[in-house]
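Colleague: Checked Swiss-Prot, it gives:
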type: BINDING; residues: 122, 123, 124, 125, 126, 127, 128; note: ATP binding site
């Protein structure tokens, strides 16, 4: 559905975060007199009133009855379509779409293809991978957009001039389904990995996997690039796409610190500022994508050495009194915390875990702690007591020290005391979202930096967002 098709219909926007505001501006630019209603909270309603838009109404109660009055509801990604009020309204005929679907419909050609569009998704690593892809495409001399879930809504860059040669688009599981619903077919879709996440939004693990994979199953990209090492991806049948693989011995893969293409050693990653084996494996994914686009990936590989790591992702803030502080606030799953820990296997580490409870299973994390644990673990947040109870038997058996904190400030004090004069690493890798305590993971990372004695401004914006 293109924006022009909304003209004359009853249309509402649900959500007034950055995505909601981007949708409003895009619709207002194309449809300046279209009547719109925004469902938002009371504080946001006051902000909207200040716009003095006579064709814009505000409602603060998004009930099934209220939503059902509209033919079209443009929904922000964070609002689940599986909520009861959305399901009831949809059953009564309301069409729910996202800004991602509108953007893809606007850019699709007559046959549905969207040349130059590369979509990246996965449970972890997708932001760094998308940014690294844009970095290499720009290194090859191509004007490239770095947009999407990474920090710039697609509708903020609806029609940049001159248009980019490539679009590197990060998509969350909240957005992947929009691609197929738009009828558009990306040139390439890259799926890095799949672990359970966002179960509160999706409802259960099976639906999460289905929604995530809809990028390739329903989006039908020209090229589907998949991780051969992920069992949930290895068995996929995608008859409408050319399927390519990374992390496979016949293609781009990692051996130690060296990237190989088949049996040919291509590039030593020792000088690449990508902490962790998982990030170096994702470099293989980027090189496979570049090659699939017809570029010389081997020649571009050394450009990865000039990539600037993203903030809040295994970000070393510095050291104070023998203790290094690492900000991995982006970590929202237990698997992400395990990947972060693996980067510091030989160090004295105090790990801070816990946050908003989405019901994720921490048993795999606990099993790994029985085999190779940090020196200390500090639990915090809404799911902190649940994690603490799961880890307590291992701590009592002497695998690690275990502490319970009321909040991040308390956790920092416990971590410092536990490391003592010998020093080590305080690693914030919560394995859980920040909701409830912070507005987002960036705010959590900034607070961590402040508590560690660093300027919160060190949690800088992501380099290269937008079209360059």
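Including glycine, each Cβ sits where the backbone N, Cα and C put it.
Model, not experiment: these values are computed from the prediction.
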Colleague: Mind giving me a neighbour count for residue 128 (ATP binding site)? Other Cβ atoms within 10 Å of its Cβ, every protein chain shown.
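Modeller: If we count other Cβ atoms within 10 Å of residue 128 (ATP binding site), we arrive at 28.
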Colleague: In the same chain, outside 122, 123, 124, 125, 126, 127, 128, whose C-beta lies within 8 angstroms of the Cβ mean position for the ATP site?
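Modeller: Near the ATP site, the remaining chain residues are 120, 129, 192, 193, 282.
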Colleague: List every residue in the same chain as residue 127 (ATP binding site), at least 6 positions away in sequence, whose Cβ is under 8 Å from its Cβ.
Modeller: 149, 150, 170, 310, 313, 330, 462
